[in-house]
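The structure appears right after this line, and notes come after that.
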Amino acid sequence: SLQPPQQQILPFILVGVPSLEAFPTCLDILFCSGYNITLVGNGVVLLVIGLDNSLRDPIHCFLGRLVVIDVVMVTSIVPRMLSMFWLNSTEIGYMACFVQMFLVHSTTSEESGVLLAMAVDHYVAICHPLKYQAILNRQTLAQIGLAIVVRALLFMVPLTGMVTNLPYCHSPMVPHSYCEHMAVVKLACADPRPSRLYSVAGSSLIVGMDMPFIAVSYGMMLKTVLGKKLCWKVFSTCGRHICVTLLYYIPGIASIYAQQFGSGISVHAQVLLADLYLTLPTMLNPIVYSMRTKQIHQAVLKML
């Protein structure tokens with residue numbers, strides 16, 4: 001009888017951006033610059049929130065959590081990418097690959113939850129201002145934070161188990177710049193479709209729950225303030241959150257479905273889209289909030 005193929009516990013080899021290996025300088029300048037801007041921008045926002053006692057309200061607590069998630073997300077991939085471009089260090093350990101995968105996918109799930117929580121904060125502040133402190137008290141904030149983390153774990157722990165239990169006996173070359181789930185499971189010599197379908201279904205469920213709730217909350221806010229004197233002020237206040245939400249969801253949805261169903265999309269385009277989906281929002285989020293939020297703008301100037 002035929003014996004099943006033996007699993008090889010070997011390092012994976014990251015290809016980078018397939019077909020663009022001849023342009024490492026352009027890519028490392030792009031991602032190194034973006035990473036530095038991300039660390040500086042998010043670091044300043046987090047420092048200001050931590051030092052300024054006037055920024056202790058729920059929205060800035062959510063913003064602080066968003067900053068931490070962004071830093072963890074981008075740090076889990078960009079330094080490894082830069083070592084690949086600069087030092088030609090393409091190997092990544094077997095377990096290190098799955099740890100990176102876990103961090104990337106769990107933080108993306110948590111970021112979606114934080115964006116929903118921020119939308120709820122805006123809804124309560126505008127539609128129920130007299131009950132704001134009672135509704136969003138410390139206990140509620142802690143429960144929301146715990147729910148965001150638990151949901152990410154409930155999504156990622158089964159997926160990580162499914163991926164790590166697959167036997168990897170094919171070439172260890174991962175056609176990606178980090179251990180992206182879809183790219184790694186293609187190397188398995190068993191059927192990877194269950195884990196791929198679980199990943200797409202789980203991501204679609206998270207996005208499918210969060211986006212409608214965000215849209216409904218803004219619809220109710222619009223109904224509350226329409227025709228009132230504070231209408232434009234409310235739009236200005238919520239505009240930054242809408243910008244950050246669009247920066248996260250549009251590239252994210254495009255990347256997920258391009259990886260799963262984009263057979264007509266070139267591999268290097270899929271890889272670049274996945275890379276930009278993780279790095280571009282984390283770089284622009286602090287810029288959007290520091291430029292559009294008067295309290296943070298003033299706190300930064302005060303700190304400087």
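Indices start at 1 and increase along the chain as displayed.
Backbone N, Cα and C define each Cβ position, glycine as well.
What TrEMBL says about this protein:
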DOMAIN    41-289  domain 'G-protein coupled receptors family 1 profile'
TRANSMEM  27-50  transmembrane segment
TRANSMEM  62-79  transmembrane segment
TRANSMEM  141-163  transmembrane segment
TRANSMEM  197-218  transmembrane segment
TRANSMEM  230-250  transmembrane segment
TRANSMEM  270-289  transmembrane segment
Exercise. Does the chain bring the transmembrane segment (27-50) near the transmembrane segment (197-218), so that three or more CB pairs sit under 8 Å (pairs 6 or more apart in sequence)?
Worked result: no
Seminar exercise, completed: Under 8 Å Cβ-Cβ from the transmembrane segment (197-218), and at least six residues away from its ends along the same chain, one finds 105, 109, 112-113, 115-116, 119-120, 122-123, 151, 155, 158-159, 162, 181-182, 238, 242, 245, 249, 252-253, 256-257, 260
Exercise. For the transmembrane segment (62-79), what are the same-chain contacts with Cβ under 8 Å, counting residues 6+ beyond its ends?
Worked result: 31-32, 34-35, 38-39, 42-43, 45-46, 49-50, 100, 103-104, 107-108, 110-111, 114-115, 117-118, 121, 145, 148, 177-178, 244, 275, 278-279, 281-283, 285-286, 289
